[in-house]
Amino acid sequence: MVSAPRAVVIYSGGMDSYTVLHQALKEGFEVHALSFHYGQRHSRELDVARAVCESLGVAHEIVDIRAIHGLISNSALTNADQAMPKADYDEASMTSTVVPNRNMILLSLAIAKAVNIDADVCFYGAHGGDHVLYPDCRPEFVDKMNAVAAIANFSPIEIRAPFLHSRKDEILAAGIAMQLDYSQTWTCYEGRELACGECGSCRERLEAFASHGLSDPLGYEMPATAKGTDTL
Ligand SMILES: [Zn+2]
């Protein structure tokens, strides 16, 4: 019997990488999911990622890279002293939530894992959108990282970002088509019991559900009537 090809999936526990994880499974890969503890302000999404992989029977590692926290601490996502922007994504709020060189660091480690287990492919959840894109979610970044991943080891590794050109609502549409349960994801930048509904990440997520006429199955601190693009 021919065994399934292996893939490493960078899986944060958020809705994009959750969809990517299922996309890789759908394509027939034996998936090895990697989550990274890089000093996020909270670990809600890591707990969610662990639970999802357990329920799917997918190999999963949470890689503790907090030792490098001092190198990447100048971000609202990794520094509790910085205020979390409560607004739609604009250039200023996006800049404050950029973790320095995050995707290059995480991809570098994921490529190492792929080489280590004889996988050919690394998946990650870069996506497009109408707002200013994070530099390490841009097609040219993926292209150039792919070129490096092809020659950095004796075995070439391919980086796939299946939603590179997709908006959030298009990723959600792909997930809905796969009948995914988005209550099993955590997107909020805050790590409280319920999602805040106010950070850029919550807002983008709520807009994606609203664009499909759906309500988000996740619990929010804001009253349900405040959901939707009209009040954001
Ligand atoms: Zn939030």
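Cβ atoms here come from the backbone N, Cα and C positions, even for glycine.
Taken from TrEMBL, the feature ATP binding site covers TYR11, SER12, GLY13, GLY14, MET15, ASP16, SER17, TYR18, THR19, VAL20, LEU21. Residues annotated as Zn(2+) binding site in TrEMBL: CYS188, CYS196, CYS199, CYS202.
A map of TrEMBL features onto the structure.
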| residue | record | CB count, 10 Å |
| --- | --- | --- |
| TYR11 | ATP binding site | 32 |
| GLY13 | ATP binding site | 25 |
| MET15 | ATP binding site | 26 |
| SER17 | ATP binding site | 25 |
| THR19 | ATP binding site | 25 |
| LEU21 | ATP binding site | 28 |
| CYS188 | Zn(2+) binding site | 23 |
| CYS196 | Zn(2+) binding site | 18 |
| CYS199 | Zn(2+) binding site | 23 |
| CYS202 | Zn(2+) binding site | 24 |
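Of all the binding-site residues listed here (TYR11, MET15, SER17), MET15 has the Cα closest to the Cα of CYS188 (Zn(2+) binding site). In this structure, CYS196, CYS202 are the binding-site residues from GLY13, LEU21, CYS196, CYS202 whose C-beta falls under 6 Å of some atom of ligand 1. In this structure the alpha carbons, written CA, of CYS199 (Zn(2+) binding site) and MET15 (ATP binding site) are 15 Å apart. A gap of 20 Å separates the Cα atoms of LEU21 (ATP binding site) and CYS202 (Zn(2+) binding site). CYS196 (Zn(2+) binding site) has MET15 as its nearest neighbour among the binding-site residues TYR11, MET15, THR19, going by CA to CA distance. Of the recorded residues, CYS202 (Zn(2+) binding site) and SER17 (ATP binding site) place their C-alpha atoms 15 Å from one another. Summary of the ATP site environment: with the site residues TYR11, SER12, GLY13, GLY14, MET15, ASP16, SER17, TYR18, THR19, VAL20, LEU21 set aside, the chain residues having Cβ atoms within 8 Å of the Cβ mean position are ALA49, GLY125, THR185.
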